[in-house]
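One structure is given here, and the rest of the page talks about it.
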Amino acid sequence: MAAATSSSPISLTAKPSSKSPLPISRFSLPFSLTPQKDSSRLHRPLAISAVLNSPVNVAPPSPEKTDKNKTFVSRYAPDEPRKGADILVEALERQGVETVFAYPGGASMEIHQALTRSSTIRNVLPRHEQGGVFAAEGYARSSGKPGICIATSGPGATNLVSGLADAMLDSVPLVAITGQVPRRMIGTDAFQETPIVEVTRSITKHNYLVMDVDDIPRIVQEAFFLATSGRPGPVLVDVPKDIQQQLAIPNWDQPMRLPGYMSRLPQPPEVSQLGQIVRLISESKRPVLYVGGGSLNSSEELGRFVELTGIPVASTLMGLGSYPCNDELSLQMLGMHGTVYANYAVEHSDLLLAFGVRFDDRVTGKLEAFASRAKIVHIDIDSAEIGKNKTPHVSVCGDVKLALQGMNKVLENRAEELKLDFGVWRSELSEQKQKFPLSFKTFGEAIPPQYAIQILDELTEGKAIISTGVGQHQMWAAQFYKYRKPRQWLSSSGLGAMGFGLPAAIGASVANPDAIVVDIDGDGSFIMNVQELATIRVENLPVKILLLNNQHLGMVMQWEDRFYKANRAHTYLGDPARENEIFPNMLQFAGACGIPAARVTKKEELREAIQTMLDTPGPYLLDVICPHQEHVLPMIPSGGTFKDVITEGDGRTKY
């Protein structure tokens, strides 16, 4: 693929190649150092440090046209020089950015100074760069718009790594901007220098090291286009400090230079391909839909498709909410901790319609046995995913939304001819639902964590935006909260990054100020980014925290119980010297940040406690003490098959 810095420009309106899209990996855009051009007409000498370090005088606004046919009002005159940092911030404004999650440092100070001169961009100040990137993810996942995070060089930049990897695996549109040491110091092991472009090469869709201030408008435009087009993902822009300080007159009319990428973006699906899929549906007796994160933007079309066909829907962890979990045709989640009936449906299906999924190991278990009786149709926007893990019988590289629209038209036009009826199959699955419902046991006054989520679902009528950390609580939140719409469910699915839930809730609350946002968290995950309580308080965000506290690293402990004879290997998170006390005291963390908090230990008191949490204005933490013996069930052991499914037992049982 051509590099992003190719000399052959292509505009947004250029027609894509008429050829079939070639296989394309998200890793195929190499970074390059753009040579500094001789542009003395636009630049001021770097030596005038007195000018660079003085406040920038803002000229009267001048209207300029943007690419989106809206009038953008710049705070600078068209021919007025301004710092590279101000050009960067204005480039963000021109992309419609309203919020960034930025933590300052020496190499990014100029960017922060420029942000203070912006009247349209709000900075939500995290208390750790990882909190900032996870908050940007929460913003993006809940809104569908790209999330923006900014960090300084060195440790600030490396603190973004987990968030970038998470966004890459879960296809989240993210633009990360990092400060870098001045160009002359790059490669000298300067203070707080890390080669963040090299560090993040394999965990970003693309990244840039800006070597010419003139390139900032083009690079920012490309970064947003890359992050949001095709299969979304993170893009990193590394900006040396001297570039931020350099004075220049920006050229906002530069075209993007992405000819290779543009020519390989997927084409609209061919009608003949969609007709072939409809034919397979008409010939099947036991079809099932397997939908993932690639279907989140297609919920309306998916709903219509299910209405026209009557095919039951199983969802991945990423796909929760693309089809209402409370609908009778929903099988909820499939995979390792999916419902028995969802996994039964895949096991016994004769046609698997895989839309926007990647056949990952937590869904498939043993690949050879997964959907072994079924013909497989795979539709995905990333051709690298098709055939990567499971070879389909029919594949379409394209947008799931467009494919569903096309199939819906075919189905509507041929409804009388097709007369699809899968009633017998649906009855069989209904029997499985009755035989193997999601359930839990109650022991005395102890609070089952599943019950807490069930009550939250009832009291919020399934309308809350839910974020989670990673572990048992994450799986219970996936199972027992009935998501009605896409972008209600925010969770680190592919990477499984603990500490995600609290900052993600911050981003979701910023993006959706009128929504109920609840972080369902575990004590292990919560404490990994507990410092973000300060951000919640300072920003006065109405984030609710339902903390399922079992004093253990629950999911690892569950595996210890099942596969290691319950030998505890550093999974107890309390104080061994005071096992009868709750440690640490999460209420004191909340109190230190001025956030109301309460603890509940008895099942009979739980409903009222959750209602109080929801009714209290602003943020609130509810510490729900749960027994550590609970296991997430059902469970198919790693690498197992449907016949290996576990439906009984917990930490009170010996294995």
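Placement of Cβ uses the backbone N, Cα and C atoms for every residue, glycine included.
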**OP:** Would you please say which range out of 1-24, 25-48, 409-432 has the annotation region 'Disordered' in Swiss-Prot?
**Re:** 1-24
Subject >> Cα separation, Asn550 (Mg(2+) binding site) to Ala342 (FAD binding site) (Å, whole number) >> reply: 29
**OP:** Select the closest residue to Glu129 (thiamine diphosphate binding site) from the following binding-site residues, measuring between CA atoms: His348, His393, Asp523.
**Re:** Asp523
**OP:** Report the member of Arg231, His348, His393 (the binding-site residues) whose C-beta atom has the most other C-beta atoms within 10 angstroms.
**Re:** Arg231
**OP:** Determine, to the nearest whole angstrom, how far the Cα atom of Asp399 (FAD binding site) is from the Cα atom of Asp523 (Mg(2+) binding site).
**Re:** 39
**OP:** Please determine which of the binding-site residues listed here (Glu129, Asp399, Asp523) has the lowest count of neighbouring CB atoms within 10 Å.
**Re:** Asp399
Original post:
What counts of helix, strand and coil residues does DSSP assign across the region 'Thiamine pyrophosphate binding' (472-552)?
Top reply: 34 helix, 16 strand, 31 coil
**OP:** Check the region 'Thiamine pyrophosphate binding' (472-552) for me and report the mean pLDDT.
**Re:** 99
Original post:
Around Gly387 (FAD binding site), how many other CB atoms lie within 10 A of its CB?
Top reply: 13
